[in-house]
C-alpha cells in the first residue's frame with residue numbers, strides 16, 4: 001500500500017458523505033490528499049481557507065490524510081502531489097455519466113492517473129453540500145448531515 005490518492009472537491013461545506021468517503025479512502029491508500037478546489041465559476045459560501053480549516057477539523061483523527069487547496073487542472077495538481085489515484089464519490093446512478101466523462105478526460109490528459117469510484121454508506125447517499133446549504137438557509141437543523149463544527153459555521157454564516 002504505497003499509493004498516494006487525491007480526493008478533490010469544492011467541499012462547500014464538507015458533509016458526512018464526504019467524511020465517509022475520506023475514511024474509506026484512508027483505509028485503502030497510504031496517503032490521501034484532500035484537494036479543495038478554488039473554482040472561480042462557483043460562488044462558495046465558505047472561503048478556501050475556511051473550507052481547509054473545516055476539513056482539517058473533520059479529518060483530524062486520520063493520520064494519513066492531508067488537506068490542500070488548489071486551483072487549475074486537477075491532473076496538474078495530482079502530478080504536483082505525486083498521486084497516482086483520483087478518488088471520486090458516486091451517490092447515485094445519475095452521478096455516473098458525468099464522472100465517467102471526467103475519468104476519461106483525466107485519463108487522456110494524464111494516462112498514469114487512475115480514477116477509483118467509492119460509494120458512501122446508505123445513510124449518507126442522499127447528502128449533498130447544496131442540500132445542506134439549502135436546509136441551513138431556511139433555518140433547519142443540519143447537524144445530522146455534517147460535523148458539529150461545520151453545522152455551527154453554517155449557522156454563523158446564515159446569521160450574517
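Here the Cβ of each residue, glycine as well, is placed from N, Cα and C on the backbone.
Sequence annotations record features per position, and here Swiss-Prot assigns ATP binding site to 10, 11, 18, 89, 90, 91, 99, 124, 125, 126, 127, 128, 129, 130 based on sequence analysis. The substrate binding site feature in Swiss-Prot is assigned to 10, 42, 74, 88; the stated evidence is sequence analysis. Sequence annotations record features per position, and here Swiss-Prot assigns site 'Transition state stabilizer' to 18 based on sequence analysis.
Looking only at other Cβ atoms within 10 Å, the busiest spot among the binding-site residues 10, 125, 129 turns out to be 129. Here the CA atom of residue 10 (ATP binding site) lies 12 Å from the CA atom of residue 88 (substrate binding site). When the binding-site residues 18, 42, 88 are compared by the number of other C-beta atoms lying within 10 angstroms of their own C-beta, 42 comes out lowest. In three-state terms derived from DSSP, residue 129 (ATP binding site) belongs to a helical segment.
Proximity of residue 90 (ATP binding site) to non-local residues of its own chain (separation of 6 or more, Cβ distance below 8 Å) is seen for 96, 99, 117, 118, 119, given in sequence order.
Using a 10 Å Cα-Cα cut-off from residue 42 (substrate binding site), none of the binding-site residues among 125, 127, 129 qualify.
Separation of the C-alpha atoms of residue 127 (ATP binding site) and residue 74 (substrate binding site): 24 Å, rounded to the nearest whole number. The binding residues for substrate are recorded as 10, 42, 74, 88; their greatest pairwise CA distance is 19 Å. Neighbour density at the Cβ, taken as the number of other Cβ atoms within 10 Å, is lowest among the binding-site residues 74, 99, 127 for 99. Counting only the Cα atoms, the space from residue 74 (substrate binding site) to residue 125 (ATP binding site) is about 24 angstrom.
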